[in-house]
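These notes are about the structure you will find just below.
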Amino acid sequence: MLYIIGLGLGDEKDITLRGLEAVQKSQKVFIEAYTSLLSFEMYNLLQEKLYGKSITVADREMVEEKADDILLEATSSDVAFLVVGDPFGATTHTDLVVRAKKLGVDVKVVHNASVMNAIGVCGLQLYRYGETVSLPFFTDTWRPDSFYEKIQRNRKLGLHTLCLLDIRVKEPSLESLCSYRGKKQYEPPRFMAVSVAIEQLLEVEQMRGENAYTEDTTCVGFARLGSEDQLVVAGSMKQLLEVDFGPPLHCLVIVGDTHPVEEEMLDFYKLAKKQGQA
């Protein structure tokens, strides 16, 4: 049996009772460590003590290149695969289920909270969101803008847009990729901040010039959703550029048309109101 278990967003205690039971009866436990991260050091002794199991960190290379090894173990024993958020928040995990079923491995999924529903905390109704977009880090030679059309479509329909911000964990360095020998070298971890996301969005808007959004467009910035110190701030893109959202993980919502109930709730997070209370 392969158990794919959502851990939620806050810390190691957000696992559900069903999820914890599945972990404790599994012979091998893996934790996926690149599509998202918990807001604490998730591989510490506290987690192993709480779950009662030794945990193997499954990085990008293991999940994408050695998934069959994980699935092979699940053909003869119970294996738990832990995922931050909900198991189906990333296509990687859907692919894992497909591959497991093709090998005849039984799969059980234990759901949990994810960024896709936790963003509801700001008051924008979840059913009023359009297509979600991912914002990658720009480089000197790679500045993709395919997300622009999706945001533009959402805005024309009056829908909100969730922007998932890039996470770079255990990425091979350029020198390592170019080398034919030697041990792989990795770049330091990088997590996109709200300010970087907005800078890149405005750069693309300036280049495209189709008014999908402007620096005056209302957005909501989020940091460390689900944790005790989560931060939610609403304001224009220009205003949010000046906000220090602190440690990762961050995400951003570009606000579409709003109705009075959404406006009333969103008002609690407006930057001007927060500054007035400070």
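For all residues, glycine too, the Cβ spot is worked out from N, Cα and C.
Taken from TrEMBL as is:
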- 1-240: domain 'Tetrapyrrole methylase' (DOMAIN)
- LEU9, ASP86, GLY89, SER114, VAL115, LEU165, LEU225, HIS250: S-adenosyl-L-methionine binding site (BINDING)
Max pairwise CA distance, angstrom, over record-listed S-adenosyl-L-methionine binders LEU9, ASP86, GLY89, SER114, VAL115, LEU165, LEU225, HIS250: 17
Output, ordered by sequence, the same-chain residues six or more apart from ASP86 (S-adenosyl-L-methionine binding site) with a CB under 8 Å from its CB, or 'none'. GLY6, HIS111, ASN112, ALA113, SER114, MET116
Relative to the Cβ position of VAL115 (S-adenosyl-L-methionine binding site), how many further Cβ atoms are located within 10 Å? 20
